[in-house]
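Participant: Pulled from Swiss-Prot, these are the listed features:
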- LYS27: active site (ACT_SITE)
- PRO112, VAL113, ALA114, GLY115, GLY116, MET117, ALA118, GLY119, GLY120, SER121, ALA122: ATP binding site (BINDING)
- ASP154: active site (ACT_SITE)
Amino acid sequence: MAVPASDGSTASEWVTTGSVTVRVPGKVNLYLSVGDLRDDGYHDLTTVFHAVSLLDEVTVRNADVLSLRMIGEGAESLPADERNLAWRAAELMAEHVGRAPDVEITIEKSIPVAGGMAGGSADAAGVLVAMNTLWELGVPRRDLHALAAQLGSDVPFALHGGTALGSGRGEDLATVLARNTFHWVLAFAHRGLSTPKVFGELDRLRADTTRGLPRTDEPEPVLAALASGDPAELAALLGNDLQPAALSLYPDLRRTLRAGVEAGALAGIVSGSGPTCAFLCASAPAALDVGTQLSGAGVCRTVRVASGPVHGAHVVPAPSAS
């Protein structure tokens with residue numbers, strides 16, 4: 001609810017009471033094709049994003065100055081200033097509407113830090129949606145998407161959710177039909193991987209012509225498998241051009257991938273730039289079994305069971321007054 005601070009004649013004079021909480025999902029790349037290094041330092045990407053039920057909670061409330069607090073595993077390693085994408089999202093949204101970014105942001109982390117699941121991008125998307133709601137701005141979805149794309153390649157998908165085909169740097173999205181709920185086991189590694197370092201390692205490996213590094217095929221079979229809803233069909237088609245680079249930098253991930261398949265997963269893949277490994281399972285009970293076995297295998301820090309696709313960044317309804 002908005003109440004006028006003075007005569008309410010301008011948007012900046014309206015103050016909103018309370019707070020807004022947004023849930024936003026992590027992602028798994030079911031397919032990731034990485035083009036050669038461009039002159040601008042980026043790579044053209046074609047990817048199939050898949051939002052999974054591993055959710056960060058972003059709460060925004062009005063304050064005297066912009067501040068950011070994060071809680072959850074690994075949160076202490078994250079900067080709580082302009083180096084953080086969530087902070088920059090608040091500044092960008094405020095600039096877009098001509099206001100000061102005077103909000104207090106609290107993020108409860110469940111998506112692993114530096115895990116290849118776009119947790120930082122998810123938090124930035126959560127801030128955009130939360131501020132739009134808290135300040136009752138009515139910024140349309142297409143404009144939120146444009147702001148998200150300014151922040152980073154993975155931020156638009158965190159808004160979009162579901163399953164989507166991404167192109168360009170990953171920010172150009174087309175919705176993909178997925179006829180089933182797919183069940184995943186996510187294995188979090190003992191340490192993170194820097195996305196720029198993984199891309200750099202891929203460039204280095206590709207420059208070594210003696211390696212003959214394989215590349216993913218076209219994405220159409222993956223899209224067909226999603227439309228069919230058959231997890232076994234999809235499992236055979238999972239592919240990630242960044243996986244060899246992630247394995248080169250973090251060889252222990254090979255043990256994790258092997259252990260997950262030996263535990264009964266249909267297939268395993270490094271998610272994005274890693275080091276989180278995502279295992280597709282035949283069913284929800286199968287995922288629980290795989291998760292239990294993988295937990296005891298000693299090959300990763302933490303195991304989570306998740307499903308997808310799920311919605312993108314969305315406001316959590318406030319509890320109704322009794």
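Glycine residues also receive a Cβ, built from the backbone N, Cα and C atoms like all the rest.
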Participant: How many other Cβ atoms are found within 10 Å of the Cβ atom of ALA114 (ATP binding site), counting all protein chains shown?
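Facilitator: Total other Cβ atoms inside 10 Å, all chains included: 20.
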Participant: Which of the three DSSP-derived classes (helix, strand, coil) applies to GLY120 (ATP binding site)?
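Facilitator: DSSP assigns GLY120 (ATP binding site) to helix.
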Participant: Show which residues of the chain containing GLY116 (ATP binding site), separated from it by at least 6 in sequence, have their CB under 8 Å from its CB.
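Facilitator: Set apart from GLY116 (ATP binding site) by at least 6 residues yet with Cβ under 8 Å, we have ASN29, LEU193, THR195, ALA246, VAL270, SER271, GLY272, SER273, GLY274, PRO275, THR276.
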Participant: To test your reading of the ATP site: which residues beyond PRO112, VAL113, ALA114, GLY115, GLY116, MET117, ALA118, GLY119, GLY120, SER121, ALA122, same chain only, put their Cβ within 8 Å of the Cβ centroid of those residues?
Facilitator: GLY26, ILE111, THR276
Participant: Quick one: Cα separation, LYS27 (active site) versus ALA118 (ATP binding site), in Å?
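Facilitator: So the Cα of ALA118 (ATP binding site) lies 6 Å away from that of LYS27 (active site).
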Participant: Let's check the environment of LYS27 (active site): how many other CB atoms sit within 10 Å of its CB?
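Facilitator: Result for LYS27 (active site): 32 other Cβ atoms within 10 Å.
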Participant: Out of ALA118, ALA122, which of the binding-site residues is least crowded by other Cβ atoms within 10 Å?
Facilitator: ALA118
Participant: What subset of the binding-site residues PRO112, ALA118, GLY120 lies within 10 angstroms of ASP154 (active site) at the C-alpha level?
Facilitator: ALA118, GLY120
